[in-house]
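Take a look at the structure below.
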Amino acid sequence: MSDTPRNTAEYEQALGSADAQLAEFEGPKRTLLGHVQHFLHSHPTMVPVIVLALSLVVFGILAGERFFTPFNLSLILQQVSIIGILAAAQSLIILTAGIDLSVAAIMVLMSVVSGKLAITLGVPPSLAIMASFTLGTLAGMLNGLLVTRLRLPPFIVTLGTWNIFFALSLWLSGAQSIRSQDIDQMAPLLKFFGNSFRVGGANITYGSILMVLVFATLWYLLNKTAWGRHVYAVGDDKDAAELAGIRTDRMLISVYALAGFICALAAWASIGRVGSISPQSFYEGNLQSITAVVIGGISLFGGRGSIMGALFGALIVGVFQSGLRLAGVDVLWQVFAIGWLIIIAVAIDQWIRKVSA
Amino acid sequence: MTQEPILKARGLVKRYGRVTALDHCDFDLMPGEILAVIGDNGAGKSSLIKALSGAVTVDEGEITLEGQRISFTSPLQAREAGIETVYQTLALSPALSIVENMFIGRELRKPGPLGQWLRMLDMPAMQQFARTKLNDLGLMTIQNINQPVETLSGGQRQGVAVARAAAFGSRVVILDEPTAALGVKESRKVLELILDVRSRGIPIVLISHNMPHVFEVADRIHVHRLGKRLCVIDPKEHSMSDAVAYMTGAKRPEAA
């Protein structure tokens, strides 16, 4: 009953004489625009870098000499440092294809916690800061647990925890601010990151240095360690990552916990930056951090983009605000400009994505 | 046959509510062979494969690997035991490079404090290893192993997934519909790759709907029907139409 089963590939024999020429899609000439598109596709951080360079040039011309003083440039660095650190935490979450609406809420809550402990309850400031680190990590972990265990969308989870953490901040502080003088008197350590040193005319705060260090550390973790590559893999395709042997839930929880820890760092830095501790501060910080990440070219769909993009994104926002202010433009037009910047950044990102590799 | 099966299952039962996906199913994979698993849609092939690869836990029955009783609760455990599965979806991360995909979940770290304390990846060593493995399998038409997987063709991606499965001293490789999404030429490459993996002594479980491919490469064919093994046939003694007839119930095998 056998009819030559081993020759089943017979029908493929024509393959030997098949046309070896494969279809070629690449035309002989690529337009200049095509070259640009290809270059940007293989160097994704170049977009925010170019935008940053261009905006520096444009505002240098518009705002005149005052813009390019070392003092003003270091001031921009100071101004973006808190949102920058939050954007670093936000980038981690967005790389996993999530979004964290609670970063600023965790930060504010942690600044309130350390203020309450150190000023109101008289706990040694170093212990108060350690406590805020621990609680910040736990707050991030709570987000992670809700996302992974209850399988809720990160948007919903963090929308909820944003409100919860905000309410807790109000409750803990009794809706009262802690005055700058009280901090100076009782726990100057809380203001550590507000200290600064001078280089030429520039005034560099420790908070600015902290921001750069946070980004450098995360860059290393994301690019040079297995953990970092797994962050990208999970954001890229969670099911594939799971099948490939990554414990995606544990990975996600660790990402949210690290983001929470970074928010606690931002909390410490924010006390130095603002001077006082207020539960009402940084109410727009969540969205500002997302703005920086998006302008930095990190995809909201996860798995693509460089952490350094978020740093450049935060700096671009800072340069726009400073430049427009120095050029004498009303604040409302600064907001207007940032709005267009977001839309243009995402449009450019989509355009680069379309490149045929 | 006096040889012991390397991977053996007896009386596997898996129920999903009122549906019985596996109904006292048996399974045997001999060392060094290519065993094809065929069956109509809904026959329970994928449940069987998921049971073997740890993706589902069976309700009853036992699985042994080289005589050792095993019970996996996750694909990770199966992989650690040496059962590698190439899923139909391939489980590759498109934006990561070929090297990163090959090593995902078992990256190499640099020796010394850089690796131990700073957890730094040893990219040169991983690239070297990946290059060797892809070379062994004749896949070095891929020029740049640092290019993202999304830039590869379907056949090349399959190649990377198979190379990943075969590269890490695995004892059994399970391939789920490896040629389903490929063109004629690419399918041919993948079949050669499968034979190549076998020639390294690694036994393969091949799930496929493509009868010509199954009959070409398989040493034995496990026909799955209604949640259990209907029969095992020798492709040299049976025709494709026999196989299809068994699979669909149009014909019953002579004395089991």
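For all residues, glycine too, the Cβ spot is worked out from N, Cα and C.
Taken from TrEMBL as is:
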type: TRANSMEM; residues: A:45-63; note: transmembrane segment
type: TRANSMEM; residues: A:75-95; note: transmembrane segment
type: TRANSMEM; residues: A:101-119; note: transmembrane segment
type: TRANSMEM; residues: A:126-146; note: transmembrane segment
type: TRANSMEM; residues: A:152-172; note: transmembrane segment
type: TRANSMEM; residues: A:204-222; note: transmembrane segment
type: TRANSMEM; residues: A:251-271; note: transmembrane segment
type: TRANSMEM; residues: A:292-319; note: transmembrane segment
type: TRANSMEM; residues: A:331-352; note: transmembrane segment
Per the 3+ Cβ pairs under 8 Å rule, pairs at least 6 apart in sequence, do the transmembrane segment (A:204-222) and the transmembrane segment (A:126-146) touch?
no
With the transmembrane segment (A:45-63) as the reference, find which of A:75-95, A:126-146, A:152-172, A:251-271, A:331-352 contributes the most Cβ pairs under 8 Å.
A:331-352
Go through A:75-95, A:126-146, A:152-172, A:292-319, A:331-352 and flag the stretch with the largest number of C-beta pairs under 8 Å relative to the transmembrane segment (A:251-271).
A:126-146
